[in-house]
Amino acid sequence: MEQTLVLIKGDGVRRRLIGEIIRRLENKGLAIRDLKMMRVSRELAEEHYAEHREKPFFGELVEFITSAPVVAMRVEGEGAIGVVRNLMGATDPAKAAPGTIRGDLALSMPDNLVHGSDSPQSAARELRLFFGG
């Protein structure tokens with residue numbers, strides 16, 4: 001079974017959407033294998049977003065993810081990475097289709113509620129960062 005990292009970002013926590021987002025994941029046949037609410041340190045944020053370090057929005061990403069608690073989840077299921085990516089919808093909520101988490105619930109950038117790993121390599125790296133091992 002494939003595993004992936006899903007983060008419910010601070011805007012989702014503040015808006016009390018944790019249960020709704022988990023319900024949508026489980027309704028797609030995915031299982032939550034690990035879950036924790038945490039504050040992301042600057043160091044963890046910078047490592048998590050390392051691929052964007054040279055981009056102009058890097059600082060904004062780090063500030064946003066460290067500004068409030070997040071819910072980190074190890075999610076498992078058949079084709080979990082693709083299932084999660086489709087369920088999340090487009091990165092920009094204005095472009096996300098109805099029926100997706102961002103299309104139905106997100107307000108605007110950067111408040112797009114969730115993060116999901118984009119490849120098996122990213123999933124392995126991100127799960128190690130957030131859950132160890």
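Cβ atoms here come from the backbone N, Cα and C positions, even for glycine.
Annotation comment: Swiss-Prot describes His115 as active site, pros-phosphohistidine intermediate. The feature ATP binding site is assigned by Swiss-Prot to Lys9, Phe57, Arg85, Thr91, Arg102, Asn112.
Shown on the structure are the features that Swiss-Prot records.
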| residue | record | Cβ neighbours (10 Å) |
| --- | --- | --- |
| Lys9 | ATP binding site | 22 |
| Phe57 | ATP binding site | 12 |
| Arg85 | ATP binding site | 16 |
| Thr91 | ATP binding site | 13 |
| Arg102 | ATP binding site | 23 |
| Asn112 | ATP binding site | 24 |
| His115 | active site, pros-phosphohistidine intermediate | 21 |
